[in-house]
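Sequence annotations record features per position, and here TrEMBL assigns domain 'SLC26A/SulP transporter' to 106-490. The transmembrane segment feature in TrEMBL is assigned to 155-171, 178-201, 258-276, 296-319, 368-391, 442-461, 467-484.
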Amino acid sequence: MKFNPAMNHVYLNDAFKSSTISINLNLPEQSTSDCSLGGAFQESKELVLTEDGRKVPPAGSRSILDRSRGCFENCKRRLFNKRTLHKRLPILRWLPAYRSEDAICDLVAGISVGLTVIPQALAYAGIAGLPVAYGLYSSFAGCFVYIFLGSCKDVPLGPSAIVALLTYQVAQGSWQKSVLLCLMCGVVELLMGLFGLGFLIDFVSGPVASGFTSAVSLIILSSQIQNVLGIKANGNTFVEVWRQVFINIQDSRPTDTILGITCIVVLLMLRMLSSYRIGPAPEEQHSRCQRFANKLFWIVGTARNAILVVVCCIMGYLLHSDQHGAPFRIVGEIPPGLPSVQWPPTSLSANETADGNPQGFVDMVHSIGSGLIVIPLISLMESIAIAKAFAFGQPIDASQELIAIGTANILNSFMQGFPGTGALSRGAVNNASGVRTPLSNVYSGTLVIIALLFLTPYFYFIPKATLAAIIIAAVVFMIEIKVLKPIWRSKSK
């Protein structure tokens, strides 16, 4: 500032006539570790006066390397802190407090879910229009991923009836497209989770979710009628399937029909048995025999699918003859051993397409279409439904579930699997078995690996009617009829 008495006591600011102004702080020198002064003032005492009157350090006062290093340190500080690591790697939260009691509970729950997922995987592969082996290929890799990334102890990853049907709608029974769909859906789910888009599930209203689940369950149930009757009834819609059933019903096989209906009745009875209890209501007053009987009822009811498959497989083996075969349709040969680890198919030759025209990667992705958005959202909706059902009011991190499911599907695609997610039926078994942590998934995945290595020759004699009965007995309870009354009342008002 300069003062000139000859100019009628008017102050002139020469700083506005120049692009910079030097500021002399007149402070004693301090060490670089002193944080009382900002880095910009320590690097340069010359500030630039902007047009709006702000004083900022000149652009060249810090090098690009320094600014990049500062940005990297800031990102590292945000990402690699204890809170973020515990959020993105939930295993770090529960593993330090893991006890022997937790290990026993997880072992029991993992074996129970494993006995459920093996027959379901064989059946759900049929819904996707794929050979039964692909159901097992989709059932073990994701289990090991969820141990590290999963945030809910009750979610068992694997094939799902709804996702299997959507896979068939998109891939039309092509295993190449199904495996590529698994990879693409995994990538989309992982990106949605990393960008925190799990909140999108909040925009799906309850009536919409219930209506979608009920409609898909009816379609799945209808698609399995042909296996119960032993006929061919191909169709993509509910009306088409039932039209084919009535046209071909005269070709139904009595042995398949009797076996299928009997299996459905047995499964429903065993489902009731799992919740049956004897003795007084307080468990403390039960005798030793009553506790043993109640535990036996629960084990038989929980493992009903596996028990039924084993019994029917033995029956198919005993009734099979080299001249006439089995009296009912059976699964047939399943390739033994684990799948080969390979990159998902990115092209189809002319012999692998329905129209005889080869397809490249872009054509295959284009044929997937809206499935890249619908399947990830449905997968998230199923997993969140399981988590909320057994969370008892605790908050659920939907974005972390997307990261876990997406990573699992990416790994599944290299094992020749189709998209998977958590299934509500297996989640109920997991919770009823007393699961403590996601470590139960390791036992479920191990059982599937054992089945692939040693049991596939015996799966040859499993009747298709039995697998159809397992699907029907599972999805019939997913038809939410009870929500129709409150929805109708709210609409009438």
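Cβ atoms are placed via backbone N, Cα and C, with glycine included.
TrEMBL does not curate its annotations; it predicts them automatically.
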Using a cut-off of under 8 Å between C-beta atoms, tell me which stretch among 258-276, 296-319, 467-484 contacts the transmembrane segment (442-461) the most.
296-319
Are the transmembrane segment (368-391) and the transmembrane segment (258-276) close, by which I mean at least 3 Cβ pairs under 8 Å that are 6+ residues apart in sequence?
no
Can you tell me which parts of the same chain pack against the transmembrane segment (467-484), counting only residues 6+ beyond its ends and a CB-CB cutoff under 8 A?
119-120, 122-124, 126-127, 132, 161, 206-207, 210, 213-214, 216-218, 220-221, 224-225, 227-228, 260, 263-264, 267-268, 271, 305, 308-309, 331, 424-425
